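Taken from TrEMBL as is:
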type     : residues : note
TRANSMEM : 23-44    : transmembrane segment
TRANSMEM : 85-102   : transmembrane segment
TRANSMEM : 142-163  : transmembrane segment
TRANSMEM : 256-279  : transmembrane segment
TRANSMEM : 285-308  : transmembrane segment
TRANSMEM : 320-353  : transmembrane segment
TRANSMEM : 373-396  : transmembrane segment
TRANSMEM : 434-451  : transmembrane segment
TRANSMEM : 471-493  : transmembrane segment
């Protein structure tokens, strides 16, 4: 929503579509929308967890992990994992502190190290010594990391250099500018096309699994195997085990009255309907009413699909809100900003509802009180409405947040804004042949996903993921190289000692991610206090270096 992101989209002259961040309105907005997702599906918790027996794989895995910690072997192993996490947390934190001394300005430091040469660096191919991305690479599956790298090679190694050669024919702005009528337009909108293609395919896929399963459950089918399972459907339901009986008993013991959830949803919805237009002037109250009527239905679909596939499609529902409500408002009435605000409302409700059901599944399997869990969720949500914006505000004030060339480019900010522009203004702003390429990559994303589903698993595991491929189209492949280094470390570790790597790799990766992430907080404090790094480590070509030496000696 900010003017900085709007400038990247050539909209700096339209104040109706700009709202710069402010700590006050961000906290107020989160308090108005964050609790709705907690209330809208509470009346269906028994149906989702006990009657439908939805798997919720992440919630189930978390429950098994928690239960494992409460055995003697699990407690002993957990202590070793915590020690490993602490060790690599410290190393990552100290590495971030060490790097700080060498980046007194933009383009300085280890994060601008031209590992593969200056020409490759210009096209964003370099290893930037970021422990966070190395840790992320150790956690993400190999196919994700390789997909990101493949997308970076395809875009920054092949496509953008070829399109750059069409300067003056396909487009006229400077290729290195952020003007959407130039090369940046191809980068942004082709990545959006791939994201939309991937999201639409998975939305239809989950819907096709959800609707038959839901109809079967409503009709009282005795089939107990969910559509995602590879095993045959049983004709006779298995006997309920003692563990399941005990879990059901505890889950139903501390009931959360349905009327409380319904009344709370209505009250919060009414309050926010009349308050949100005070934050976003062009967001009319009837847009919000429609969103709140539709949101519980979409939240149920997302939570049910997440229970089947572990895939939350909150971002897809958010894009749906952008296109529908943003287009309803229209370009002349601040439709870009209205669409983004509606996206925030819808994503918050839909994502929170599915996360709550995941947590209820964990609580069901660990014999936790659902009432205690729900109260904890409410308290945690309230804390998050203050803590989250406060941490964001520190970053926003201390760093050049949203600048594509900074350490915190916030790529999805530009992507979502341009999605909103596309939904409101149509396709007229795209440079020459950009729309054709968007169609091609949208179709490619759908076909790649289809190929992954129809080919045998031994083949499909090598087919890249379109969503992962799309990210470096805009950002560049530098972080993909870091992630692939993490994958390489994990691969070698697995070859040396598979059992140990399975146990300790997540802890090591978490330490690498958290250490450098936590260092960002003291770095932000130093920046706010006006304390700058003392050294600029920068790399120049020999020709430029000779010029600098000659200038300094003159």
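For all residues, glycine too, the Cβ spot is worked out from N, Cα and C.
For the transmembrane segment (142-163), the partner stretch with the highest count of Cβ pairs under 8 angstroms, out of 23-44, 285-308, 434-451, 471-493, is 471-493.
A contact between the transmembrane segment (285-308) and the transmembrane segment (23-44) is present, since 3 or more of their C-beta pairs, 6 or more residues apart, lie under 8 Å. Counted as Cβ pairs under 8 Å, contacts with the transmembrane segment (23-44) are highest for 320-353 among 85-102, 320-353, 471-493. Packing against the transmembrane segment (256-279) from elsewhere in the chain are residues 25, 28-29, 32-33, 35-36, 39-40, 42-43, 45, 285, 288-289, 292, 296, 341, 345, 370-371, 374: each is 6 or more residues past its ends and has a CB under 8 Å from a CB in it. Through the fold, the transmembrane segment (373-396) approaches residues 21, 23, 26-27, 30-31, 34-35, 38, 42, 256, 352, 356, 359-360, 363, 408, 520-521, 524-525, 528 of its own chain, all at least 6 residues removed from its boundaries and within a Cβ separation under 8 Å. Sequence-distant contacts of the transmembrane segment (85-102) (same chain, at least 6 residues past either end, Cβ-Cβ under 8 Å): 108-111, 129, 131-132, 135, 507-508, 510-516, 518-520, 523, 526, 533-537.
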